[in-house]
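Features as listed in TrEMBL:
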- 1-12: compositional bias 'Basic and acidic residues' (COMPBIAS)
- 1-23: region 'Disordered' (REGION)
- 31-54: transmembrane segment (TRANSMEM)
- 92-178: domain 'Late embryogenesis abundant protein LEA-2 subgroup' (DOMAIN)
């Protein structure tokens with residue numbers, strides 16, 4: 001009798017353990033479903049915010065001013081040689097319309113003459129706060145050895161007008177859930193009257209890529 005009683009107790013214990021396993025499995029399955037649902041809900045919320053409230057917007061670049069800081073030239077007609085020195089001051093404002101900061105890398109502003117780079121100045125890396133603006137005052141000096149090798153210079157000097165172009169490229173990123181890369185371009189076409197040393201024509205173009 002004692003043996004039978006012992007066997008019955010063992011059988012009850014085994015049945016109880018067997019009956020408890022499905023319950024544990026259901027509990028684990030429920031927990032997993034809840035965790036997955038929370039993760040999906042958070043992902044959906046972040047996606048909606050990223051596409052609406054925190055949607056990445058293009059930084060707005062504006063040229064506040066372009067001025068001739070220095071212009072010296074002399075013309076040797078007998079030797080058909082031109083001696084030229086030009087310094088251009090430009091002020092560029094970059095506005096960040098996003099609700100998060102815009103970090104930009106080391107960039108460069110260029111001075112061009114008929115497509116050739118004849119001067120450049122570095123723009124150190126930095127950050128523009130959310131919905132904030134930053135003004136960059138840049139001084140571009142023409143490198144005489146680069147411009148004198150251009151065959152068009154003599155005829156431009158004789159006409160009294162020197163065509164130059166300022167070109168600025170600022171690349172950075174806006175982090176909204178993930179990094180969004182942004183590149184802002186600014187180009188200004190200038191015509192300089194050599195005799196008066198003034199800018200007689202200025203046309204600026206802006207472009208931004210996300």
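From the backbone N, Cα and C atoms, a Cβ is placed for every residue, glycine too.
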Summary of DSSP states over the domain 'Late embryogenesis abundant protein LEA-2 subgroup' (92-178), given as helix, strand and coil counts: 11 helix, 51 strand, 25 coil
Given the model, what does the mean pLDDT over the domain 'Late embryogenesis abundant protein LEA-2 subgroup' (92-178) come out as? 90
